[in-house]
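Notes follow the structure.
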Amino acid sequence: MAPAFEDNNSETLPSSFSSGSDDGVLHKSKVTVVGSGNWGSVASKLIASNTLRLSSFHDEVRMWVFEETLPSGEKLTDVINRTNENVKYLPGIKLGKNVVADPDLENAVKDANMLVFVTPHQFMEGICKRLVGKVNGDVEAISLIKGMEVKREGPCMISTLISEQLGVSCCVLMGANIANEIAVEKFSEATVGYRDNREIAEKWVQLFSTPYFMVTAVQDVEGVELCGTLKNVVAIAAGFVDGLEMGNNTKAAIMRIGLREMRAFSKLLFSSVKDSTFFESCGVADLITTCLGGRNRKVAEAFAKNEGKRSFDDLEAEMLQGQKLQGVSTAREVYEVLSHRGWLELFPLFATVHEICVGHLPPSAIVEYSERKPRLSLLEGSTQYY
């Protein structure tokens, strides 16, 4: 079991989401981060700096770690707690002495009433099943996860999966957030998407905001989450363009077409999605930074340079040191939705990315097929392409 961090005031202050009570005693919120990869570690660093500073939070931040044995023979959690550093996924960065790594998922969440989910999306269904009945009734959650689950009845956003399986409210946080840049405190922005409760959204904004990490809230969970999800598919396309040395004009065209398809797909799935969301950090800014410097772009570039002869699985294992590639699996999930609903010809870029990833088309097809005009007449009213 992970060690405890000594909280200066925690012994007399019960855990509750509310910032106050009728008897005047301040109730503190306790935070657990579920996930400890590159972005999960950076999120823990951001949060930990604020829980020490803000009186409405317990100092300690628990971070659930999927236990691994390092080449030295030591357990990853032991090294994190001894060195205050995630030596595998965020080497060289101190997380904050109030971050406590815990390999036991149930123990990590048992006293928390603010849960931050930041794991690869393909693991979330299993994690949620393990947490059923194990979280407090007053828990609020937020998802930093890009991706969706595709079920027989249709696509399910990760925030919806968390809400339905755990019976909790779930906001989302997405944005132009390359983790290594935030880790060294370079200025960045992010967007919190919330459904109904503005007060809860502001609590999340408060928890994440720092002078170098500016967070704003918008009332559009699906729009924010789909932006964060779909931009990885466009980044794969941008990587193909880079790998084939097609140039900046081509890359800009792919990004424009990608943004158009992101908006159209989002609004076909959820009519409540707002156009303005695409101009927040979670939208066009995240698309730009991911297509310029993200891991999906990087691995897709290598795939194209190898003319598709090396699989994405091989390249991921070689290039990402245990991190997971989201764009390829998301492209497959989007393709399943498009195919099932008869929308393939409406989204030539999304469809082409998947066909290239699975080897049905060569990487050069990214421009040959994406330039096809979709039948705009099939998109009505607010879902028209711009």
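Positions of Cβ are set from backbone N, Cα and C atoms, glycine also.
Residues or ranges marked as compositional bias 'Polar residues' in TrEMBL: 10-21.
The domain 'Glycerol-3-phosphate dehydrogenase NAD-dependent N-terminal' annotation in TrEMBL covers 30-197.
As annotated by TrEMBL, NAD(+) binding site applies to GLY35, SER36, GLY37, ASN38, TRP39, GLY40, PHE66, PHE123, ALA179, ARG295, LYS324, GLN326. Sequence-distant neighbours of ALA179 (NAD(+) binding site) (same chain, six or more apart, CB under 8 Å from its CB) are ASN38, TRP39, SER41, VAL42, LEU90, listed in sequence order.
Taken from TrEMBL, the feature substrate binding site covers LYS146, ARG295, ASN296. In this view, ARG295 (substrate binding site) is surrounded by 22 other Cβ atoms within 10 Å of its Cβ, with every protein chain counted.
Summarising the annotation, TrEMBL assigns active site, proton acceptor to LYS231. Remark: LYS231 (active site, proton acceptor) has LYS146, GLY258, MET262, ASP286, LEU287, THR290, CYS291 as non-local neighbours, by Cβ distance under 8 Å and separation of at least 6 in sequence.
Ranked by Cβ neighbours within 10 A across all protein chains shown, the binding-site residues TRP39, PHE66 are led by TRP39. The C-beta environment of ASN296 (substrate binding site), restricted to residues of the same chain at least 6 apart in sequence and closer than 8 Å, consists of ASN232, ALA235, ILE236, GLY239, THR290, LEU325, GLN326, GLY327, VAL328. Counting Cβ atoms from all protein chains shown, LYS146 (substrate binding site) has 26 others lying within 10 Å of its own Cβ.
Less than 8 angstroms from the CB of GLY37 (NAD(+) binding site) sit TYR89, VAL118, THR119, PRO120, GLY322, GLN323, LYS324, each of them six or more residues away in the same chain.
With respect to their backbone Cα atoms, PHE66 (NAD(+) binding site) and ARG295 (substrate binding site) stand 21 Å from each other.
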